[in-house]
Each structure stands twice: as structure tokens, then as C-alpha cells.
Amino acid sequence: MQELSFGQYSLVYNAFSFTFATMAAATLFLWFGRSQVGHAYKTALTISGLVCAIAAYHYFRIFESWQSAYDIKNGVVVASGYAFNDAYRYVDWLLTVPLLLIELILVMRLSAEETVSKATKLGAAAALMIVLGYPGEIATDIPTRILWGTLSAIPFVYIMWQLFAGLGASINSQPESVRELVKKARLLTFASWGFYPIVYMIPYTSLSGSNVIVGVQVGYTIADVIAKAGVGILIYMIATRKSQVEYGDPAHA
Ligand SMILES: *C/C=C(C)/C=C/C=C(C)/C=C/C1=C(C)CCCC1(C)C
């Protein structure tokens with residue numbers, strides 16, 4: 001483990017703690033929000049809340065792992081000998097990334113066949129992207145990191161292309177009043193997902209040692225808040241607005 005300054009240690013510690021609270025709060029908001037939408041949109045909100053719940057659990061574990069990886073002695077941060085466990089993050093992604101794509105598809109309320117076929121294709125590609133990225137994330141040399149990162153980028157590009165080309169046609173069939181919001185949810189997904197491979201490439205830059213550890217951990221954490229809680233709130237807004245159009249008062253739908 002690299003030497004961290006006390007400030008660096010605290011920054012990551014606080015980022016994990018804040019994100020645990022954000023994910024837990026977003027879970028409650030999204031699950032309680034189910035009563036505000038018509039029945040066709042309840043599953044989209046259940047899944048959006050589930051994504052945040054899974055992330056809250058993993059941030060709690062990541063936070064604990066960070067704490068046990070270092071000891072503070074007289075204000076100096078020293079490695080405790082326990083390795084910080086990066087696997088929590090990847091297990092979290094393996095579960096939440098396919099679910100995030102499914103919540104986006106569900107809120108569009110496509111035909112049953114289209115929903116199943118898009119959810120299967122995109123969900124499988126997302127899982128493949130995460131599985132291929134993991135050996136690179138834990139690699140200690142740059143060539144191995146580049147190899148697995150490049151392989152992982154293949155399903156990533158496919159997903160991004162599907163979000164734009166594949167869902168583009170479906171977006172035009174959405175009610176006028178939500179079309180812009182659905183585009184925003186797609187754009188926020190696109191932008192936040194694009195941030196992950198950039199963070200992954202931090203070790204390729206001139207940054208080194210503890211700066212890499214801090215950059216990667218804080219970078220992924222910011223991206224997770226936007227991609228899960230941020231996109232979840234947009235899904236909630238789309239679902240309530242579509243419910244008003246399609247059901248009138250959703251409380252009596
Ligand atoms: C809530 C978590 C989300 C939305 C995670 C998304 C993760 C990615 C889009 C990761 C992509 C990667 C690549 C495209 C290449 C390098 C390895 C990864 C796994 C960081």
C-alpha cells in the first residue's frame with residue numbers, strides 16, 4: 001500500500017461516508033415514490049431504489065474496508081497490512097449496471113417483446129463489460145490494465161451505441177411532455193458512464209502513488225452518485241409526469 005497523507009485518507013473516507021448516506025436516502029425516496037406513479041411505472045421505481053440499496057450496502061463495506069486498510073498513528077497514516085478490497089465495487093457494478101439499463105428501458109414503457117429483448121441484450125453486455133474490466137483494475141502493471149480495459153471497452157461501446165441508436169427511435173414514440181426528460185436521463189447515463197473509463201485510465205497518467213489511489217476512489221464515487229442516485233431521480237420525474245398524462249391522478253390508478 002502506498003503512503004497516504006492524512007488529508008488524502010480523510011478525503012476518501014468522507015467521500016465513502018457521504019455516498020453511503022446519499023445512496024440510503026435515494027433508496028427511501030425512490031421506494032416511497034412508488035405511491036406517486038401509475039402501476040406501469042412502479043417496477044421502474046422499485047428497481048431504481050434497489051440499485052441505490054445495493055450501492056448503499058457496498059459503500060458501507062467499502063468504507064469499512066478503507067478504515068481497516070490503514071491505521072492512524074500520531075496523525076500519520078500507515079498501511080495496516082489488510083488490503084483495501086476493490087472487489088466490493090466490481091460486485092456492486094455487476095449487479096447494478098444491468099439494473100440501471102433495465103430501469104431506463106422500463107420507464108419508456110415499450111412493448112413487452114421490445115422490453116425483454118433490449119433488457120437482455122444490454123444487461124448481458126453490461127455484465128460482460130464489468131467482468132472484463134476487473135482483472136485490469138486489480139492488475140499491478142500497466143500493460144495488463146490496458147489489455148483488459150480495452151476488452152471491456154468493446155461491450156461499453158456497444159451499449160453506448162444502443163443507447164443512442166437503438167433507444168433513439170423509441171424516444172420519439174414517448175409522450176411529448178417527457179421526451180426531453182427521457183433524453184436527459186439518457187444523456188446523464190451516457191456522460192456518467194463515460195466517466196468510468198476515464199477514471200480507470202488515471203494510472204496511465206503522470207499521477208503516481210497515493211494520488212492514483214485517491215483519484216480512482218473519489219472519481220468512481222462521484223460517478224456512482226450521478227449514475228445511480230442522479231439518474232434515479234430523473235427516472236422518478238419521468239414516471240410521475242407520464243403517470244399524470246396516462247392515468248390522470250396516479251393515486252387512484
Ligand atoms: C453504478 C455503476 C456504474 C454505472 C458503473 C459503470 C461502469 C462502467 C461504464 C465501466 C466501464 C469500464 C470500461 C469501459 C473500461 C475499463 C474498465 C471499466 C470497467 C472501468
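Using the three backbone atoms N, Cα and C, a Cβ is placed for every residue, glycine included.
The transmembrane segment feature in TrEMBL is assigned to 12-32, 44-60, 90-110, 122-140, 146-167, 187-206, 218-239.
The highest tally of CB pairs under 8 A with the transmembrane segment (218-239), across 44-60, 146-167, 187-206, is held by 187-206. Distant neighbours of the transmembrane segment (90-110): 40-41, 43-44, 47-48, 50-51, 54-55, 58, 118-119, 122-124, 126-127, 129-131, 133-134, 137, 159, 167, 170-171, 174, 182, 185-186, 189, 227-228, 231-232, 235, 238-239, 242; these residues of the same chain sit at least 6 beyond its ends, with a Cβ under 8 Å from one of its Cβ atoms.
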